[in-house]
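Novice: Questions regarding the structure given below will be posed in turn.
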Amino acid sequence: MTLTVTHCAPCFQGEWVWVDPGIGVPIGARVKLTDTGHQLLVDDEGKVTMEEGSIRVMHPTSVEGVDDMIRLGDLNEAGLLRNLLVRHRQGIIYTYTGSVLVAVNPYQELPLYTADQVRLYHGRRLGELPPHVFAIADTCYFNMRRHNRDQCCIISGESGAGKTESTKLVLQFLAAVSGQHSWIEQQILEANPILEAFGNAKTIRNDNSSRFGKYVEIFFNKDGAIEGARMEQYLLEKSRVCHQAMEERNYHIFYCMLAGMTTEQKKTLCLGNAAEFSYLKRGDCIVCDGRDDAKDYTRIRTALKILAFTETHCWEILKLLAALLHLGNVSFEGGVLSGCMTRLMSECMIYEGDGYLAIYGKLFIWIVGRINSAIHKTPTNGPKYVRNSIGLLDIFGFENFDSNSFEQLCINFANEQLQQFFVRHVFKLEQEEYTKEDIVWKNITFSDNTDTLDLLAVKPLNVLALIDEESHFPKGTDVTMLNKMNRAHAKCNKYIPSKNTHDMEFGIRHFAGVVHYDSNGFLEKNRDALNSGILKLIEASTNTLLQQLFEKDSLRVSTLSGQFRQSLDSLMNALSKCQPHFIRCFKPNDDKKSMVFDRNLCIRQLRYSGMIDTIKIRKLGFPIRHTFKQFLQRYRVLLNTTVILIHCRSLGWKSIVLMEICSYLLFFYRLDHMYLLLLGSFLLLSVSFNQLQLGFERLQSTIRGRLARGRYLKELAAAVTMQSQVRGYLARKSYKSKREAVTVLQAHTRGMLARKTTNKMKTDVKASAKPEPVSEQEMVETMFDFLPNTVAVGGREGPAPEGFEVRLTTNAPEPVPIAVPEDQPVVDYDDENEEFSFTKFSALHFQGSATYSHIKQRLRQPLLYHEDEGDALACLTVWWIILRFMGDIAEPKLINQEPSAPTPSQNNLDYSCNANELDPSKLDPSKLDPSQLLEALSVLVCPCRDEIYCQIIKQLVNNKNQKSSLRGWVLLSICLGIFPPTELLMQYLESFLGRGPSSYGPYCAERLRRIVANGERGEPPCWIELQAVKTKKTTQVSVALMDGLSVSLPVDSACTSAEVCQALAKKVNLKDIYGFSLYIGFCEKVWSLGSGGRHVMDAISQCEQEVRRKGEEEQHAPWRLYFRKELFTPWHDSSIDAVSTDLIYRQVIRGLKSGEYHSEKEDDFVQLAAMYYYVTFGSAISGENAKKVVEECITTELIETKSQGKLIQLVNAAHTQGPYINSRRSTDSVKGDVVDYARQKWPMYFSKFYEVTQMSGPPLPKSNFIVAINWNGISFQDEKEKKLIELSYPEVTGVNKSRIDSGQSVSLATLRGQFLLQSVDAGEMADLIQWYLEGLKERSVYAVALQDVNKQDDPTLLSYKRGDVLVIVKDGEYSPARGWIKGTNERTGNTGAISTDTVLVLPTLEKPSDTTLVRRQPGKEGGRGAQARGAGREKLWAASKEPIKQPLLKSLVVFLLSLTFPSPILKYMGDYPIKQVRQPIELTDQIFGPATQHVPLQDEVYCQIMRQMTSNSSRMSVDYGWQLMWLCTGLFSPSQSLLRYTQRFLESRPREPLAADCLQRLQMLLSMEPRKLPPHQVEVDAIQQNSNQIFHKIHFPNDSTEVTSTTRIRDLVRNIAYKLILASADGYGLFMKTPNKVNFKSLSQLFGEIKKHFQGHCFSGAPATMPYLVIFMRKLWFNVTPGRDLTADLTFHFPQELPKYLRGYHKCTKEEMISLAGLLFRVKVDTDKSQFVMIPRMLKELVPADEMKTMSPEDWKKHIISSYNKQAGITLDEAKVAFLKGICHWPTFGCAFFEVKVRWEIAQELLVMHLFNRITNWSSGSTYFHMTIGNLVKGNSFLCETSLGYKMDDLLSSYVNMYEMQRQSVRPRNNSMFPT
């Protein structure tokens, strides 16, 4: 190349310039000076010349090249071309032109497409890293996810430029960043090998040229994961099947098929090699260098299998391809026939060729359709489900050959469309850039290729339309078509007509240049029609695939151009809706050589690609663009100041600097050209100087930093030394002072202990000098001398009241001998170290100088503080009583005292007086015997209970007097049977009893427990209690039954009537115990003790007191206990319990005889006697039997009034006429009739009676009367049993108990008014009435409506008016507990759901009278009906039972999914009826299921829950609402606009138990990702049981279990590792094991959420739960060293590795197997050598399965025993660790093994190992696992058949993620494309 330098433009040595080589585009050259001073030019090709020519200076950006060609100073064709050249020589193939990526085919493999590069470019902005195809792909992905807008990437270029490879790289990148490694991703990737095989071929320009265009649309879900794809193909080059140019091949599939098929398959299809077929050798090129057809065939078959092509499909395809090859070998020869026959044969050849092309074209379309059916999945989330997509357009570039035909016209038309789309997009970006910079500019008018498009397809009579029109004429030819086009477009400047009538070419001026087309064959190609004979032949074919290919399509366009235009219009429409990105692929040369750059070829591609148009548009605007920093560095010499403002960041300073520089630029612009040239040179020198100065500054800063670093390290070391010395000094000083203090403390402690020991020794010496002690038994007998020495069962003394005689036929217990305890109750107490010691209590609460130990002096003040002086005086009296009782003071001497009747001072004590009224003179302890001392002590209990216990304990502590101590323990045990201590003393007393002697400590502790449980007593201890204390045994009392028998039961001091009744019921097998009470009879009186908390001993004590007042002995008190029916329930059923019925029956019969039950009619007695007759004697009639019945049933008074004979006659007659005679009814049912007869006849005799005083209410004759309560109602009576008023339960509207100044009272609200009654037993009376009312309401079926309810539009709800009588239907459809019942309106007859808030259930079992119903009308009693009447307008923010008709949030008015009529929230909270069979999990799924899938619904759920809990009067509904809130705050958080209101709602309700927990869960949820599934069954069950903790069982590999709460899996794993004391939680995980598979769960998931996967939930059916186990074990085996973490080795490593070893997965030597077998044998048997004989049977557990047959069992036994003996002395755990240490050095240690299906035999050795950073992609399907090794361009593919692909996928992902995280944590992020 000859270049010269002009003298008018002198240049410097080494300067780069542009020179014009005469080829139309300047090239770069460098100035070089010779020794003689002459200038030479060395161009880019290295040529040197001295000839003259024109030059101009090159901009610096064009010298070294730039990443983005927009930043070039020389913004022209030459600048772009040289920039590509420079970068190509540097090995950089990617360059930006704005947002357009230019990719130059390197024709060699580069390390640019590894997995590291994928991770490097993912998440980076465009331009942040060097240009790369991955950057464009990531930009598409990022914009799609951020803006929710579809993207498209248009990849264009000439054949061989690398379009197909770029498309595959973008696909690979998108699959990698999707991160799912799903099977659908692999299917999309595997579609490329199939399409390439059937649509690509070797051409002169490209070894893998795509002979069709394709558009791939990849669909992504909202999480950015690939969920499908769709492919469109355009204009397949079908003619290649029959014709190929020289050095070109047919489609790849033919050669791959012949090279890869087995011999048998080829024989079946009669195939050989490629050279045998005419269609494959016409291009004289059978083998393609660089391609392995056999290997490619394997890859194709793999891809077909992945894309669900069956073996039948594959074989049918091969059959069609083989048929095409065979038909290609058919030749037609012309004979010596007429010309007509020759022409006919020639047409047959043409038609046959067309048929072959059609078959292959249809086959290609069918294959694309099959691929789409596999990878294109229709969304299943409803029609409103929106998903985004990224489209990849890989389409042919602009073509201009020596001979261009119809295909080139279609291709260039498509490129014209894309060029216009590209230019408009670039122009739009230019406008957006100016708008962003706020630049005022005029609209640019840019001429695009609209005229060309008008010519081709837009204007009337356009070229394509004329071709179509002529194709429809039967006589139309290419000549007529060309003539029409010449006439129609002769005046168009874009159309070049043919030169003459014989010329068949025409030309079109495209955007890339003029192209001449040969019109021959246009019409035939455009018609694309088959001969009818061929179609008939295909229809008659038996090949099903061939028939499918040619199925009629009614929508098919008739011509090829029409089809192409239709597809192109659809494509352009799709592209216009997307945000476009462009990749322009260039090929540097036509020879496919690396590092060769053909300028002419590249400049032509630049023009074709539209890059020049991009430059033109930029030049029309503002082409030069600098950053502020670049602008300042370039022009700062123009500033007046020498201060460099490079560090200024504020906008104001930038504006000042820019204005000043620009003003200077305008000034210099006015100077002449030479001055500007010199200034430019000066600026260039200034730039070089500034760079040099910046380098020096950088060097200086580095040196200064190094020196400063050294000084800092020295000072840091000195400071550390000083700190260590000071800390040591302070520590030594502190230790010395503490040691001195400890020495002093020890000395004092030793002295105290020595003194204490000395005192004890002195005390022991004194005690040894005392006389021989008396036994405890003797002392107890002496102490209780005042009691008679008789032991009997209580309740059998004296005569019984009339009608209550019993036969004492039960076995009475034998007297219990008194056991003499071995130890004595004298104990030394040293409880100072206990938490609740009496010593501490005395120090805290005793007054003055009082101590905790025994004394014998009188107290001057009580031990405890008392505000009342009377209480203090009483406490001092108590002290005197205790001293007297314990014998710590001498007994008083009685002088001249003769026995006489009891004095008032002794026996007439007022036990009801309180301590404040007590006169101590009346309780002079010196005048009382021991029993009276106890009575006096019980009087003082109320104010002095803690004082009494403290005084007794004080006298027991350190009491060396055995007799006194024993009496003290007896006194303490008596007190513990009467009253409990207060809470202040309770724990201290329990501690004291725990340290007491074995003879009394446990006994007193049990009495304390009993008295605390049952409450304090109200009377002093009775005689039988003292007997029990004497023997420390329970007391036996006899309870008489109404059947004449009696039962002995054990009782103690705290025993209540309820306990006696329950014990007796259990003993006689009584089930229906209600209404049975304990009665006590004394003399002629009998009264009820009930079956509640009344103390039995109090009643007995009252009887003994009465006897003592009469001067008799207490032990002979004639009291008896009875068990009888006192009350009936209104719903009593005699058939439930036969024992209960029999007892009541006996009670009725005895009552008849004794006259207890009265009746005015004698017929009542006769009917009952007749029933008794049947029960006793059956149906037999006998006068003697009737006489016995009369004598046993009828009272003597009635017998005397009526003659006995007449009564016998009446009874016989009644018995004969009885209905039970003929029906042969059972005696139990007749007994039930007797009971029911008595219940109905005499309700007053089965009543509870209470004495009351009326305080207010309706006037009655008397204010003091008796209230009788029974099953029939409530009756007010005077003392003469005259009824004052009688109320039925429907007339009672409410009952409340309260306390007034004068005592307890009950308020009884009735329809006749409200009564306020005062009574001692007011609480019991109110509870009984309330219980009857609630029981009747629960069983009632009658209700009255309180308000109008009109629900005509909702068939579920019942409509009614106020006052309507509603009949409740109890069929279990609705749950009354949730506030809904089912009922029928008597007025209308309709049935539906009723809210319990709107009705009043009547407490009755029968329909009430009309009078009662009238009185029960709403509003009569001022109840809820009155409130409902005043109800106002419904508030939108308050709770309502009305289902909402539209969402609460305005933004969701059109979001129909937010509403489910009626709302499941109302159903869950009980505000809308729900059928009983529905499970709560169904409702929670309906509430939270849509919200977890649709984010806009989440706020709506929060609002509806909070609304329904606001102003909600139903406590139950609110509780259910809090349950929903608790679940909701664990699923997702509200939006920022609602968050503060939600937090305020929770904070404003601190009394709600779940409010604080909900607030905490909400705060935690703000830092976590929301859950994707509704709550699990376990969560719902837990919160319904008011538990906010959820527990789950975790299994370990060694079968041990751990229970822990559910949380995020990562936290759960760490918690388990912490509890197990593992060294680290890294590598461990949770696995969910189901009957079918084992799944590992991501650490970022919620445990409650993954459990939901195993519960088949649906919104319409009941949930079905799949059984599963949760297993915790090691997953990732890295940094595992046996012996370092013993817990992990024993719990996880050994149990997990042992099965792998025994299955034979490891390769090991014989010696290693013997050693390991010895260790495993020790693990099995430990040291039991007797198990040696079992070794042959245990070989499966000791030796790998594949090695067992290498030796005989006996040889194995011998070697294992030898190994076992060598390892003697180690434990089981040590043996397990030794086993792990023995296998840890193997390369397969810790590996996970998967058995897969392969085509070769598995050798037990390592075949190949792939590093994780070499694995670029992997995925799994239901039966396959696929993996790609190497780079993304030419990686090796591995496919295996296995059902465990999901586990391999997950394990590989986990390892890769782990190592990636470790690499990022130890290495900074590298922005270089080639990391070092």
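Note: Cβ is positioned from N, Cα and C throughout, glycine not excepted.
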Novice: TrEMBL tags one of 893-912, 913-932, 1413-1432, 1593-1612 as region 'Disordered' - which one?
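Specialist: Of the candidate stretches, TrEMBL labels 1413-1432 as region 'Disordered'.
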Novice: May I have the list of same-chain residues other than Gly157, Glu158, Ser159, Gly160, Ala161, Gly162, Lys163, Thr164 whose Cβ is within 8 Å of the Cβ centroid of the recorded ATP site, in sequence order?
Specialist: Asn105, Asn206, Ser209, Ser210, Gly397, Cys585, Lys587
Novice: Which of Ser159, Thr164 (the binding-site residues) has the most other Cβ atoms within 10 Å?
Specialist: Thr164
Novice: Count the other Cβ atoms sitting within 10 Å of the Cβ of Glu158 (ATP binding site), across every protein chain shown.
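Specialist: Excluding its own Cβ, Glu158 (ATP binding site) sees 25 Cβ atoms within 10 Å.
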Novice: Same chain only, sequence gap of 6 or more: which residues have a CB within under 8 Å of the CB of Gly160 (ATP binding site)?
Specialist: Asn105, Thr203, Arg205, Asn206, Ser209, Lys587, Asp590, Lys592
Novice: DSSP-wise, what's the residue breakdown of the region 'Actin-binding' (568-590) into helix, strand and coil?
Specialist: 9 helix, 8 strand, 6 coil
Novice: Are there any residues at least 6 positions away along the chain from Lys163 (ATP binding site) with a Cβ closer than 8 Å to its Cβ? List them or say none.
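Specialist: Sequence-distant Cβ neighbours: Ile155, Ser156, Gly157, Ser210, Asp394, Ile395, Gly397, Cys585.
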Novice: Measure from the Cβ of Ala161 (ATP binding site) and count the other Cβ atoms within 10 Å, all protein chains considered.
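Specialist: The Cβ of Ala161 (ATP binding site) has 24 Cβ neighbours within 10 Å.
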Novice: Within its own chain, what residues at least 6 apart in sequence put their Cβ under 8 Å from the Cβ of Gly162 (ATP binding site), listed in sequence order?
Specialist: Ala103, Asn105, Cys585, Lys587
